[in-house]
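Novice: When I checked TrEMBL for this same protein, it listed these features:
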- B:30-53: transmembrane segment (TRANSMEM)
- B:88-300: domain 'ABC transmembrane type-1' (DOMAIN)
- B:92-113: transmembrane segment (TRANSMEM)
- B:125-145: transmembrane segment (TRANSMEM)
- B:173-199: transmembrane segment (TRANSMEM)
- B:220-241: transmembrane segment (TRANSMEM)
- B:281-301: transmembrane segment (TRANSMEM)
Amino acid sequence: MATRILHRRSRTREVLTRLSAYLAILVALILTLFPIYWIAANSFKFDIDIFAVPPEWLPRNPTLKHYEEAFIHRPFLRYALNSFLVAVGTTVVSVVFGTMAGYALARFNYPWQWRKQISFWILSTRMMPPIVSIIPLYLFFNYFQMLNTKSALVIAYTAFNLPFATWMMKSYFQDLPVELEEAAVVDGDTRWGAFRHVALPLARPGLAATAIFCLIISWNEFLLSLIITLTEQSQTLPIGIAGRVTQYNTYWGEISAAGFMACVPIVIFAFIVQKHLVRGLSLGAVKG
Amino acid sequence: MLKSASDGTSSTQSRPGGGLEQWAERHLRYLMLAPTVLILLALTIFPSLYMFYAAVHKISPNPDLPWEFVGAGNFARLLSDAQFHVALRNTIVFTVVAVTIEFLLGLGLALLLDKFIRRLTFLKTVLMVPMMLPPIAVAITWKLIYEPQFGVLNEIMYRLGLPLQAWAGDVNLAMFSIIVADVWQWTPFIFLLMLAGLASLPVEPYEAAALDGASSWRQFWDLTIPFLKPVIAIALLLRVMDALRLFDLVFILTGGGPADRTKVLSLYIYQVAYRFADPGYAAAISLFVLFVTIVLSTWFMKRMRLAD
């Protein structure tokens with residue numbers, strides 16, 4: 001009898017624990033999703049409905065007016081294209097060179113403990129807060145007349161993405177068994193050939209994860225672009241959005257539409273690559 | 001080609017330029033590393049040296065005027081600059097509070113999901129979305145939520161019978177508003193790292209502990225936390241480094257106001273350099289920030305043995 005009561009009580013407790021856990025996760029989901037829903041909802045409302053008190057939880061009169069405004073009458077498409085080109089350029093440069101450097105640091109020996117010193121130095125460049133390098137970069141680009149160019153942005157972003165890519169790829173290669181490459185060399189391939197034909201194909205998931213992160217970081221970057229670009233022809237999407245928050249007026253509908261559009265590719269992208277994302281980041285970060 | 005004994009049957013055989021190729025193969029360890037090292041040297045050493053040079057000068061906004069050497073003058077100014085002290089304090093408060101909350105929430109959420117719904121990768125990805133969004137879009141979203149007149153947060157306050165607030169515009173709540181938005185965006189990052197850490201825990205020690213009758217609380221403190229320590233260390237290091245450079249949220253949500261309550265170091269450097277047109281002094285503050293960041297993170301990495 002006693003054991004049965006005890007048993008029943010612990011079962012009730014287990015059910016209660018389970019329920020409160022689900023409830024906590026549900027709350028976390030709502031808190032995560034609501035702000036995204038809210039900016040999306042407001043981007044489809046007429047101005048007058050954005051200012052409605054109490055707020056309209058669902059857009060009563062959905063409209064694409066703000067999207068038309070942002071993407072047809074204002075140059076947001078240009079901004080988005082700039083963001084895209086700069087992000088892709090930065091990613092290509094960072095992943096290509098970062099992969100080679102990561103492989104070298106994972107596989108080769110260097111005299112005088114260079115390997116450790118260089119690895120640490122590369123990581124330490126990532127610690128530099130962007131605001132620190134902005135003044136010299138600005139003067140540098142000014143000197144070479146590169147202000148307001150996309151190449152300047154690619155160069156500046158590479159400074160932040162290359163160390164990251166190198167470290168991600170280094171830890172990824174360290175995880176791959178070296179024997180396969182050794183076998184390839186024994187079979188007559190060169191070291192470079194072993195890298196190209198054996199290590200690189202095996203590292204594809206790591207490459208994907210690294211590329212994804214470089215793309216996201218560059219697509220989202222704000223501060224460097226704010227300083228380096230001033231013209232519509234060169235500015236990126238985050239700057240275009242921020243530009244519509246002025247001292248006198250905030251164009252809520254328009255910036256909601258543009259802000260939501262800046263999120264959409266990232267979210268779609270995240271779901272397509274979710275497997276690489278979790279694996280890649282956990283590998284890169286957990287293994288340091 | 002002729003001399004290359006190691007070139008076997010692979011595709012490299014058909015390529016021309018054997019001598020060069022062989023040279024490249026012999027120096028491969030340097031050649032593969034060289035582009036990254038050269039790019040980073042150019043992009044970090046040059047700016048750093050330039051910063052030192054700028055930091056000891058008074059730079060006029062007029063580009064035709066020469067720079068005036070002031071020695072340690074810009075650094076001495078730091079000691080008596082009240083605005084700098086405010087910015088430093090705000091940065092420390094923000095970093096400590098935001099990272100602590102993010103850590104506790106992220107770890108808690110990871111433990112919950114790991115224990116109760118392990119297989120739903122889709123759900124995990126949904127919870128990670130905020131950290132991938134452009135910070136500027138996040139800032140604007142929260143600006144809309146905090147808006148005092150028609151913002152949704154005040155509507156909720158009203159429904160709950162609580163007093164309405166100006167949120168980002170209120171002297172006492174502005175920093176809190178920034179922290180909430182930052183927590184919303186970056187808790188998922190801690191969550192993701194903790195989840196990855198939990199997924200790699202070994203099973204055996206837990207079985208042994210369960211046999212010994214250890215409570216789940218004991219197992220958490222004696223097994224989970226020690227196992228997770230390296231992941232926790234990295235997560236905290238990355239978050240602290242990012243928190244120290246907070247800019248976008250403040251720039252859009254408060255502009256550093258009201259009454260300088262959210263003026264953080266990055267924003268102050270930006271204002272000094274571009275609004276007050278004093279790049280020499282801005283360089284001095286930047287060097288201070290750089291110095292603190294490097295000392296902090298090097299110390300931390302050595303301590304946690306992360307650099308091996």
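Cβ coordinates are placed from backbone N, Cα and C, and glycine is handled just like the others.
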Novice: Name the range, of those listed as B:30-53, B:125-145, B:173-199, B:220-241, that has the largest tally of Cβ pairs under 8 Å with the transmembrane segment (B:92-113).
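Specialist: Ranking B:30-53, B:125-145, B:173-199, B:220-241 by Cβ pairs under 8 Å to the transmembrane segment (B:92-113) puts B:173-199 first.
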Novice: Would you say the transmembrane segment (B:281-301) and the transmembrane segment (B:30-53) are touching, if the rule is that at least three C-beta pairs must lie under 8 angstroms and be 6 or more residues apart?
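Specialist: When sequence-distant Cβ pairs are counted, the transmembrane segment (B:281-301) touches the transmembrane segment (B:30-53), since at least 3 lie under 8 Å.
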Novice: Could you pull out which residues elsewhere in the chain have a CB under 8 Å from any CB of the transmembrane segment (B:173-199), counting only those six or more residues past its ends?
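Specialist: Cβ under 8 Å, 6 or more out: 90, 93-94, 97-98, 101-103, 105-107, 109-111, 113-114, 124, 127-131, 133, 135, 138-139, 142, 146, 165-167, 224, 227-228, 231-232, 234-235, 238-239, 242-243, 246, 249-250, 253-254, 257-258, 261-262.
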